[in-house]
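Per Swiss-Prot, the features are as follows:
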- ASP677: active site (ACT_SITE)
- LYS752: active site (ACT_SITE)
- ASP909: active site (ACT_SITE)
- 1-42: transit peptide (TRANSIT)
Amino acid sequence: MWRNILGRASLRKVKFLSDSSSSGTHYPVNRVRGILSSVNLSGVRNGLSINPVNEMGGLSSFRHGQCYVFEGYATAAQAIDSTDPEDESSGSDEVNELITEMEKETERIRKKARLAAIPPKRVIAGMGAQKFYMLKQRQVKMETEEWERAARECREILADMCEQKLAPNLPYMKSLFLGWFEPVRNAIQDDLDTFKIKKGKIPYAPFMEQLPADKMAVITMHKMMGLLMTNAEGVGIVKLVNAATQIGEAVEQEVRINSFLQKKNKKNATDKTINTEAENVSEEIVAKETEKARKQVTVLMEKNKLRQVKALVRKHDSFKPWGQEAQVKVGARLIQLLMENAYIQPPAEQFDDGPPDIRPAFKQNFRTVTLENTKTSRRYGCIECDPLVLKGLDKSARHMVIPYLPMLIPPQNWTGYDQGAHFFLPSYVMRTHGAKQQRTVMKRTPKEQLEPVYEALDTLGNTKWKINKKVLSLVDRIWANGGRIGGLVDREDVPIPEEPEREDQEKFKNWRWESKKAIKQNNERHSQRCDIELKLEVARKMKDEEGFYYPHNVDFRGRAYPIHPYLNHLGSDLCRGILEFCEGKPLGKSGLRWLKIHIANLYAGGVDKLAYEDRIAFTESHLEDIFDSSDRPLEGKRWWLNAEDPFQCLAACINLSEALRSPFPEAAISHIPIHQDGSCNGLQHYAALGRDKLGADAVNLVTGEKPADVYTEIAARVLKIMQQDAEEDPETFPNATYAKLMLDQVDRKLVKQTVMTSVYGVTYSGARDQIKKRLKERGTFEDDSLTFHASCYAAKITLKALEEMFEAARAIKSWFGDCAKIIASENNAVCWTTPLGLPVVQPYRKPGRHLVKTTLQVLTLSRETDKVMARRQMTAFAPNFIHSLDGSHMMMTAVACNRAGLSFAGVHDSFWTHACDVDVMNTILREKFVELYEKPILENLLESFQKSFPDISFPPLPERGDFDLRKVLESTYFFN
């Protein structure tokens with residue numbers, strides 16, 4: 001460009017830099033020199049392809065770090081005289097035109113120079129770009145190819161068996177899967193072949209045709225086993241309607257993920273929507289189109305063109321959502337084929353000369369249940385597995401496909417209701433559980449309004465975790481040796497007592513009772529074993545990863561949860577002990593202090609209620625035990641097993657031991673998340689809402705020498721009232737008898753559950769049952785009638801003590817209940833918007849029934865009706881509203897911590913960060929709590945009710961106290 005511009009100037013013989021020019025002609029000269037001298041090409045050489053020009057005096061060469069202006073051109077131009085009279089008059093315009101072009105070119109070079117000066121983005125999500133894209137490819141494969149991988153593994157093993165003519169030595173459950181795979185796959189394929197003959201006559205045919213038979217077989221087997229492991233009805237049994245729905249959902253999901261492979265063009269049979277009939281297109285054509293699409297996707301994947309891949313999926317994803325009716329029809333048919341073709345055979349030594357005992361692995365049964373608090377009973381179909389399948393169920397986790405594993409790279413940022421988190425697996429920002437009104441409101445809410453919620457969920461999802469290999473290794477050792485340690489369930493069943501002779505009716509009656517108790521205990525153990533196996537299998541899958549992430553979403557109230565269901569930080573002590581932050585930070589002086597406090601908190605047993613200095617003293621007095629726990633966790637004194645949270649305590653012991661043994665303890669690296677927990681957090685929110693001084697004192701909204709314990713204070717109030725009642729005359733005051741009996745029973749543990757659940761609107765009957773359970777555990781009274789009446793009295797006194805201490809909370813709860821009652825009486829659901837802009841709709845509506853005829857039986861699907869459950873809307877509003885506030889506080893804290901450079905994880909009312917950052921997090925969480933409650937929350941709520949329901953008259957807001965919220969900023973034990 002420069003060559004062209006200056007070349008044109010020389011050809012026109014423009015005398016534009018002559019010494020004899022007038023003052024007017026010096027303007028272009030100065031302008032040119034200004035342009036040329038201002039072009040800072042420093043450092044551009046590497047970024048741009050600019051070759052030096054050596055003509056007409058030459059362009060001085062560019063040097064790295066320097067810039068020379070075009071001095072030679074000025075000299076040459078001065079030597080040129082015009083020989084054309086017309087050039088004299090037109091020269092000025094020509095020069096200006098050339099200078100304008102030079103200015104444009106200069107700006108272009110400057111722009112390129114600025115871009116070249118910016119280093120390329122070689123770090124993404126804290127890792128090199130190449131590594132990030134490699135992990136991204138793995139993540140996409142994890143989401144899209146797991147079922148295909150499982151099916152391929154079965155095919156390969158079967159092919160290998162045919163070739164070798166030998167049965168491979170496989171684990172028990174894997175051999176079952178393999179034995180079922182071929183007959184189930186063939187049965188499904190027979191169905192698919194039949195569909196081609198009976199076109200349009202089988203209602204579920206168009207759905208099943210969209211996936212290969214082997215993949216449907218694998219999905220059916222794995223989903224069924226997963227449901228039998230984790231189902232609410234008990235291990236080894238699952239409601240047919242639940243199983244059919246979930247298997248149908250899984251098949252639909254896999255069709256959706258892989259739709260671009262079978263829907264390459266609209267002429268293909270599998271491009272039909274659910275309302276169209278499949279055309280008889282040859283398998284060869286479908287295979288060619290599938291392979292073509294597969295290659296296209298592979299090329300895009302190799303180039304990290306994920307957006308193009310997703311666009312391709314959307315382009316070919318033309319089918320409509322199936323709907324629950326279609327899902328259960330597909331699921332029921334697949335379950336039927338599984339039951340008809342999956343068999344099990346006891347080991348050969350279990351039978352003598354007779355034929356082998358081959359029997360179905362699964363069978364359909366019917367159960368009758370009485371609905372809670374009613375005399376109505378309902379019969380439902382269920383699927384049960386054979387005892388031999390049940391026997392291996394708790395060992396099957398390692399052979400199962402587990403969907404929604406933690407992600408290898410940060411989740412996609414949330415940008416819409418179903419846009420965010422996973423790349424291909426369906427992800428929704430809110431768990432609506434089929435509540436149509438909530439789903440509709442969420443979809444209609446402007447993105448800008450939801451930005452604070454999205455940012456908080458993205459922040460939680462971007463926290464990087466890893467497996468604590470030392471703790472996992474120990475857990476595996478304990479589990480391999482039968483469990484029973486650190487809260488792990490016994491891997492062996494309780495022996496069932498032998499049946500006695502029926503002549504002795506008393507013995508037989510006792511045997512039936514003991515047998516029933518043993519069977520129940522074994523079922524509970526089995527369920528716990530399955531749960532632990534699933535958690536450990538996820539840990540084993542992720543242990544060699546450098547790090548991983550948990551995408552989060554919210555429930556309808558706005559509380560955040562990880563999408564992955566098994567191994568996450570919201571789980572048990574086992575989960576939390578196995579997990580740690582991926583990033584390590586030096587402890588520092590403050591971090592070393594907090595690590596010691598953390599050990600005392602995890603040990604608990606009253607130690608966690610002491611002042612901080614006393615907790616530190618406790619830890620320091622047990623350093624020998626801590627070192628021993630770290631060095632010889634099983635062979636030593638096992639001090640860590642006495643902790644309330646043993647595996648988390650062990651992880652902290654290992655970290656503290658490493659730090660104290662290093663030359664510079666404060667420089668030791670820590671990955672342990674340190675917890676700061678709220679003090680009966682629901683009551684903290686009530687005290688702040690009501691500006692309640694007495695309540696604020698009880699739940700640490702104001703500072704004290706040591707943490708206030710609300711449970712102990714309530715117990716003390718209860719005891720004081722009972723002491724007064726015990727002095728009354730039983731003749732005139734019958735409760736005096738129960739007061740005397742209860743005096744020795746009142747303690748923190750007796751009232752704790754009732755105080756905790758008071759936030760959730762615990763009723764008198766609920767409190768009575770809680771206290772009765774505690775008394776039965778202690779074996780206080782042999783007479784059941786006496787236990788019942790004593791519990792009634794104690795519940796009444798406990799609720800009275802709570803109302804006295806938290807008067808403002810009681811008034812606010814009553815106001816919540818009154819408002820909800822009025823709204824629900826008009827057949828409206830209670831709705832509100834959280835301080836972060838999340839719309840909340842209470843989902844409690846009377847269920848309707850929809851009958852669906854399947855190949856197994858007529859199934860009853862639950863359908864939401866327009867009629868609200870008025871009482872549930874009323875009783876649930878107070879706790880749901882408080883939960884929406886604690887969710888808002890956690891999200892506000894998460895975002896602020898992230899902006900301050902802290903790693904953050906949250907479990908509702910428990911906030912976690914690195915030891916060295918606890919002080920900063922403590923400051924932030926207090927500031928955010930004050931910021932939250934400085935807003936007119938109740939006033940805004942009332943205003944929203946009045947706008948939504950203008951024809952309803954609402955009661956006035958309750959009176960509030962004069963507690964100074966700013967005191968929270970100075971409260972040492974607000975969260976501790």
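Cβ atoms are placed via backbone N, Cα and C, with glycine included.
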* Calculate the distance in Å between the alpha carbons (Cα) of ASP909 (active site) and ASP677 (active site), and round it to a whole number. => 6
* **Conformational class of ASP909 (active site) under the three-state DSSP mapping** => coil
* What's the CA-CA gap between LYS752 (active site) and ASP677 (active site) in angstrom, rounded? -> 16
* **Distant-in-sequence Cβ neighbours of ASP677 (active site), under 8 Å, six or more positions away** => ASN601, ASP909, SER910, PHE911, PHE975, ASN976
* Structure fact -> Within 10 A of the CB of LYS752 (active site), the number of other CB atoms across every chain shown is 19
* Asked: If you count Cβ atoms within 10 Å of the Cβ of ASP909 (active site), leaving out that atom itself, what do you get?
  -> 20
